[in-house]
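Q: Pasting a structure here, questions to come.
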């Protein structure tokens, strides 16, 4: 059947909006499981390769523009750009990200994956989608925001697959469900008779077996970990401080305000006797320890907190964020750091490893120095190296995996640190840059998947939200409101299990990317080589 191209154009547009709506803050995750289907039918009803490429690009640019719309807010308010330039930069980024979909879909429709769909073709589609997302997270600076699998953070049975395959496995399942729905509708569209032929039945059986196996594993693992958590009696009391400091108040001239808020929150939490008090990223935004006045003020605050805690006959440990300044060969180096205070001294620190491009640094600055004008943030931060924090608590030492802001979007960073078998994941972030947009919700969604990948309690402490505690099954134990001054109290339990994802890593992502690249090369060969 031939359908006119203008009608086919509805497919990619509709699919793009459906996919975006499946992410926070709309969070209509179920529609993400069939969001690709209109696009698939547009491919099916379109013969010209050129039009299919255009459809792929339209789908990608609309999806990423609507998913990442909050960048316009950030660039306009904090990057000192007008609305037109900010919107143009969003379209530029969305166009770049859309090219990954063009590359991926081109390979699939050249290999006729959307013609006469089968179970094997569905596996190929899903695996190469994972490969495309893996490449997107590796090339240039890497951009993993909005991976398809995150929508399953809302569906616990399938979310549990993350302890085997990581986020890549969740994306694989989402893609396969999309393809399965397309498979059913495709044969239903052909005729009802096609629904009872052997070809259809055997493929349908294979799809269903895989889905049933995935659900069964997820239900088993969910029940298993709920039992493990309930049987573990030892716990650590934590307080998570959400100061809700507006970004404009975090500037150096307003640092007094940050001290005032966090002193009030920290002192008020002492009555709960937390073993560890966690602060957000750059909770004290100055160059520690070389800025004399704020450094003395911080030390006075820590001394006061130690003195007040003695009234409750205990001494809490603090983990807080600041900018750390040091000199090397006379050159100043700035780090985005987390520092551990045990009530007497600074005992450990972590410098952020994965920096935000055009926020904390300018990529290829020697060639792109003109882009410093649009940098949101310091733009001069140096990367640290991978490490875990050693934190004394109660009568033992706890090893904590720290992730600062953007780092929680990269499962590979987490996996690398989990090899040292830490007991807790701590995500410190400042999402004040994004206001009340969907970005803080999208960011917190990633923390849910990180918790299951690691099978660890995961805490996220955000300046303006969202702050929360997540258990090893991905269940949210407690969660703050956005742009509210709050303290989140909770008890966390420590575990040592190394998941298959931690042991064997991104096997699915690597395999998918290799298959995608090899298949793309095949599509470039003359037709006689593909159809001898």
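In case you wondered, yes, glycine gets a Cβ from its N, Cα and C as well.
Model, not experiment: these values are computed from the prediction.
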Q: Looking at the candidate ranges 118-135, 136-153, report the one that TrEMBL labels transmembrane segment.
A: 118-135
Q: Out of 84-106, 222-244, which range is noted as transmembrane segment by TrEMBL?
A: 84-106
Q: Would you say the transmembrane segment (118-135) and the transmembrane segment (29-46) are touching, if the rule is that at least three C-beta pairs must lie under 8 angstroms and be 6 or more residues apart?
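A: As far as Cβ distances go (cut-off 8 Å, pairs 6 or more apart), the transmembrane segment (29-46) and the transmembrane segment (118-135) do not touch.
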Q: Excluding the flanking five residues on each side, which residues at least 6 beyond the ends of the transmembrane segment (84-106) place their CB within less than 8 Å of a CB in that stretch?
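A: That would be 43, 49, 52-53, 55-57, 59-61, 63-65, 68-69, 71-72, 75-76, 128-129, 131-133, 135-136, 143, 374, 516, 520, 523.
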Q: Can you tell me the mean pLDDT for the domain 'CN hydrolase' (241-494)?
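A: Mean pLDDT across the domain 'CN hydrolase' (241-494) comes out at 90.
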Q: State the residues, same chain only, that lie 6 or more residues beyond the ends of the transmembrane segment (201-220) and have a CB under 8 A from a CB inside it; answer 'none' if no residue qualifies.
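A: That would be 117-119, 122, 156-161, 173, 176-177, 180, 183-184.
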